[in-house]
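Residues or ranges marked as acyl-CoA binding site by Swiss-Prot on the basis of similarity to another entry: 15, 30, 31, 32, 33, 34, 56, 75. Taken from Swiss-Prot, the feature domain 'ACB' applies to 3-88, supported by sequence analysis.
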């Protein structure tokens, strides 16, 4: 399987992560996903009253400059790590 297919597979697996997944980890995944699918941030930073959107924008901005392939690879690695942690916590 190619990187794109693996990425799509792990994007689906990410949806099965437990509710207990930290917001920090969710934001990391969000930023990597956006970088992999869109590229560098292409919108203005949301205002101070839009805290959730601002946090998501900041997570995306944090990975600015990564190639789409690098972002896909990092995303896959992070999802694998979180799935392993969830499995270990469940046993």
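From the backbone N, Cα and C atoms, a Cβ is placed for every residue, glycine too.
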Original post:
Within 10 Å of the Cβ of residue 56 (acyl-CoA binding site), how many other Cβ atoms are there?
Top reply: 17
**OP:** Using the structure shown, find which entry in 15, 34 (the binding-site residues) has the sparsest Cβ neighbourhood within 10 Å.
**Re:** 15
Subject >> Taking residues 15, 30, 31, 32, 33, 34, 56, 75, which bind acyl-CoA in the record, the widest Cα spacing (Å, whole number) >> reply: 17
**OP:** Among all chains shown, work out which of the binding-site residues 30, 33, 75 has the most CB atoms within 10 A of its CB.
**Re:** 75
Original post:
In the predicted model, what is the mean pLDDT computed over the domain 'ACB' (3-88)?
Top reply: 97
Subject >> Neighbourhood of residue 31 (acyl-CoA binding site), C-beta criterion under 8 angstroms, separation at least six >> reply: 56, 59, 60, 61, 62, 63
